[in-house]
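As given in Swiss-Prot:
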type: BINDING; residues: CYS12, CYS49, CYS81; note: [4Fe-4S] cluster 1 binding site
type: BINDING; residues: CYS155, CYS159, CYS162; note: [4Fe-4S] cluster 2 binding site
type: DOMAIN; residues: 3-118; note: domain 'MTTase N-terminal'
type: DOMAIN; residues: 141-374; note: domain 'Radical SAM core'
type: DOMAIN; residues: 377-440; note: domain 'TRAM'
Amino acid sequence: MSKKVFIKTFGCQMNEYDSDKMADVLGAAQGYESTDDPEQADLILFNTCSVREKAQEKVFSDLGRYKHLKERGVLIGVGGCVASQEGEEIIKRAPYVDVVFGPQTLHRLPELLNARAAKHKPQVDISFPEIEKFDHLPPARVEGSSAFVSIMEGCSKYCSYCVVPYTRGEEVSRPFEDVLIEVAGLADQGVKEVTLLGQNVNAYLGKMGDTAEIADFALLLEYVSEIPGIERIRYTTSHPNEFTPRLIEAYARLPKLVSHLHLPVQHGSDKILMAMKRGYTAMEYKSTIRKLRAIRPEMAMSSDFIVGFPGETEEDFQKMMKLIHDVRFDNSFSFIFSPRPGTPAANLHDDTPHEVKLRRLQELQAVINNNIKDISDERVGTVQRLLVEGLSKRDGSELMGRTECNRVVNFPGNERLIGQMIDVKITEARTFTLRGEVVVRH
């Protein structure tokens, strides 16, 4: 009987990708099969996020909930950014944890588990062996028509509030050919849509073979678009400072590049952007969006926003609201500022009451939600090209797909359509989803 692993993932799409790789590594090296039921697991792994304090504390709360499973010999491991940041402290705080590993050492999981069994004590490896992990990962195994592909690791921007450079290391790009080989392998398995991943994905600079030449992100997109079977290309997360003219021009040449972009601006006040060390102004950000929409008028934009950064006045907040109005974002990930230990922003004086921050967050989210509704209403009556992903989560008798602009559409249809690209006429707009009907071509 095969051993089973339960992996709980916190945070970003990079972590989702890493969790899939953990399952692949353990399956190839030790025969583990994935399970969605922790009660059936022989190994429980937490792939953690430390971007916000609440996410970090939730990890320790959840660890306590699974502690009782140790009575039947279950192994528990903590990976991801909290592991990288806390290291041995996790063992001190939760001594029943067996292995602690960082984002760059997940490929060493089998070795760590073997060492735990041999030495009868917890094992910790939170080193930064740069790109080594990709050389030790088994070929990707996928189910479905879309897949993530990590093209680089880490970030070298050192924004004043962010722990990523400390938990995932500096930017390191995968070799150009390695990325193309992985994408081609996914296409051979039936994948039609790839999402290229990185903490700062558009800073990609990959080595080309044995030459001294370096491929930038725009060139990588061009080559990925030429791989047979790949019909859509997405990427996340990008940085405004790395949005080069070559990358903007790629939207004119590469129809497989979707008209949806997550480009975190974080704030709309130049004073706050400077304190965040973002390296651009609100006007420069809006200029990038104008250039993109001159090429793709239908470009859907989403962003991250931090409300209540130290020193934020009501005037600063209103500048952020003006930027939201000007850009017309149709989705966002917005949070109240959470000071992270070890970052410069954690030492900044913060005299804004929490209730003021909460009011501002609610006001921002209300505007974004109104944008979502208005843009969804505009889609009614249009025909949208969907990649059918599977059964609808709302109604298991229906199907769901995703538009190029990243909107979920639920519709009645035959399960044989799963994995296919089809046209659907939008018949109704709901709060965060659309409804439609398949367009029959005669």
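Every residue gets a Cβ built from N, Cα and C, even glycine.
Swiss-Prot feature annotations superimposed on the structure.
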{"residue": "CYS12", "record": "[4Fe-4S] cluster 1 binding site", "contacts (Cβ under 8 Å, 6+ apart)": "CYS49, VAL51, THR237"}
{"residue": "CYS81", "record": "[4Fe-4S] cluster 1 binding site", "contacts (Cβ under 8 Å, 6+ apart)": "GLY11, ASN15, THR48, CYS49, SER50, VAL51, GLY102, PRO103, VAL163, VAL164, THR167, ARG168"}
{"residue": "CYS155", "record": "[4Fe-4S] cluster 2 binding site", "contacts (Cβ under 8 Å, 6+ apart)": "CYS162, VAL164, PRO165, ARG168, GLU170, GLU171, GLN199, ASN200"}
{"residue": "CYS159", "record": "[4Fe-4S] cluster 2 binding site", "contacts (Cβ under 8 Å, 6+ apart)": "GLN266, MET276, LYS277, ARG278"}
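Using a 10 Å Cβ-Cβ cutoff, CYS162 ([4Fe-4S] cluster 2 binding site) registers 21 neighbours. In terms of DSSP helix, strand and coil, the domain 'TRAM' (377-440) has 6 helix, 32 strand, 26 coil.
For CYS49 ([4Fe-4S] cluster 1 binding site), the Cβ neighbour count at a 10 Å cut-off comes to 22, with all displayed protein chains included.
Residue counts for the domain 'MTTase N-terminal' (3-118) under DSSP, helix first, then strand, then coil, are 70 helix, 22 strand, 24 coil. Other than CYS155, CYS159, CYS162, the residues of this chain whose Cβ falls within 8 Å of the Cβ centroid of the [4Fe-4S] cluster 2 site are, in sequence order, LYS157, TYR158, TYR161, VAL163, VAL164, PRO165, GLN199.
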